[in-house]
Ligand SMILES: Nc1nc(O)c(N)c(N[C@@H]2O[C@H](COP(=O)(O)O)[C@@H](O)[C@H]2O)n1
Ligand SMILES: [Zn+2]
C-alpha cells in the first residue's frame, strides 16, 4: 500500500515496531526482555517451559522454544493470542517512555509487518497476509493519540544541534490543539527519576535573536546553555509563546505603549490581554517524552514552578537565573518582580 511503513528487522528503520526489538515489558509480576519473550511464554501452562522462555537470551531463542514445544501449547491459545499480543504491545509502548510517542508519530501511515514467513501477524511478504500485528499497532496508536500524555504534544523528529556550548540534541514537537511548533534541546543522558536541570524558556525573538536589551531573555537563555554544559546534563524547552503568549506583533504594540509610559502589565491590559497568557500543560508531554519526572528548574518565575507541579512534575529545586540587567530593562524587571511575582532579589522595586 502506498505510503505504508513496512517493518520487520529490529535494526532497520522503524525496527522499534518489531516484537524482537529490545524493549522490556513488565506484566506486574515479571520483566520480559522483549514482547516476543512474553508472547511465546503465554502459549504454555507448563511452568518449566515458561521459565525456559523467560530466561532465553534473545527473542529468536524465545521464538524457537515456542516452536520446539509446539505440541504442548495450551488448547485455548487460538482464542487468547490476539488479547495476549494486544496487552503486550500496550505494555511495550507505554512502559518504554518515548516509544508511545514514536508510535503516534507514525500517523497517518498504515503499519505493515513485512514478514515472508508469517501471513497471520505479518503480510506474508506479498501482501496476502492478515497483518494482524500492524493492525493492533494502528489500534494502539489511535488510542494513545487521544490519551494523556501522548495527546498533549506530538513528537515529530530529533536531530543534532551543535552550539557554542556543545552538541545538543534538538527534538521537535507539535501542539495538536494549536499547531504551534516547540523544541526541546537536551544535553547528556539521565536515568529515570533522576532530577534533571531544565529551563522552560518562552520565545522572545527580540531578546533571544535580535540582541534586545529591553528584557533579560537572551542572557537567561545563554546562562541556561552554560549551566547545562557545565553540569553535563540538562534540557531547555524552547516554548513558542512569544510575548507571554500575545505574539510578536502584539508584543511590538505593547513595547510601543511602554515607550509612552505604560509598564509591561499595563501595556498588555491596554491591548485587551491578560498580563500573562501562557499555558504549560503540554510541557508534561515533552518531559514525558524526554523521560524527565524530577527537575531542577532554572527560573525566577513562580508560575512556572506552580504549573509544572500541577502537571505532576516533581520540582525538587528552583535554580535562580538572574542575568542581563541593564539600564534599558530596569523598569521591566521591576514590574516583573512587583506585578508578576518574579523572584528577583537583586532588583530594587521602584
Ligand atoms: N507581552 C510582553 N510584554 C513585554 O513587555 C515583554 N517583555 C514580553 N516578553 C515576553 O515575555 C516572555 C519571557 O518572560 P519570562 O521571563 O519567561 O516570564 C517571552 O515570551 C517574551 O517574549 N512580553
Ligand atoms: Zn524578552
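Cβ atoms here come from the backbone N, Cα and C positions, even for glycine.
The annotation active site, proton acceptor is assigned in TrEMBL to 276. The active site, nucleophile feature in TrEMBL is assigned to 278. Here TrEMBL flags 199, 200, 201, 202, 203, 220, 242, 243, 244, 264, 299, 304 as GTP binding site. The Zn(2+) binding site annotation in TrEMBL covers 204, 215, 217. The feature domain 'NADAR' is assigned by TrEMBL to 6-144. Under the heading domain 'GTP cyclohydrolase II', TrEMBL lists 158-320.
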So how many of the residues in the domain 'NADAR' (6-144) end up helix, strand or coil by DSSP? 71 helix, 9 strand, 59 coil
Tally every other Cβ atom lying within 10 Å of the Cβ atom of residue 201 (GTP binding site). 22
Considering only the recorded positions 201, 204, 215, 242, 244, 276, which possess a Cβ situated under 6 angstroms from at least one atom of ligand 1? 204, 215, 242, 244
Could you check which of the binding-site residues 201, 204, 242 have their CB within less than 6 A of ligand 2? 204
So, three-state DSSP: helix, strand or coil for residue 215 (Zn(2+) binding site)? coil
In whole Å, note down how far the CA of residue 244 (GTP binding site) lies from the CA of residue 217 (Zn(2+) binding site). 12
Span of 199, 200, 201, 202, 203, 220, 242, 243, 244, 264, 299, 304 around GTP - largest C-alpha separation, Å: 22
From 199, 203, 215, 244, 299, the binding-site residues whose CA lies within 10 Å of that of the residue listed as 'active site, nucleophile': 244
Around the recorded Zn(2+) site, report the further residues of that chain (criterion: Cβ within 8 Å of the mean position of the Cβ atoms of 204, 215, 217; site residues excluded), sequence-ordered. 202, 206, 207, 208, 212, 214, 216, 218, 220
Between C-alpha atoms, which of these recorded positions comes nearest to residue 242 (GTP binding site): 204, 215, 276? 204
Cα-Cα separation of residue 215 (Zn(2+) binding site) and residue 203 (GTP binding site), in Å? 12
Can you work out the mean pLDDT of the predicted model over the domain 'GTP cyclohydrolase II' (158-320)? 97
Rounding to whole Å, the Cα atoms of residue 244 (GTP binding site) and residue 204 (Zn(2+) binding site) are apart by 9
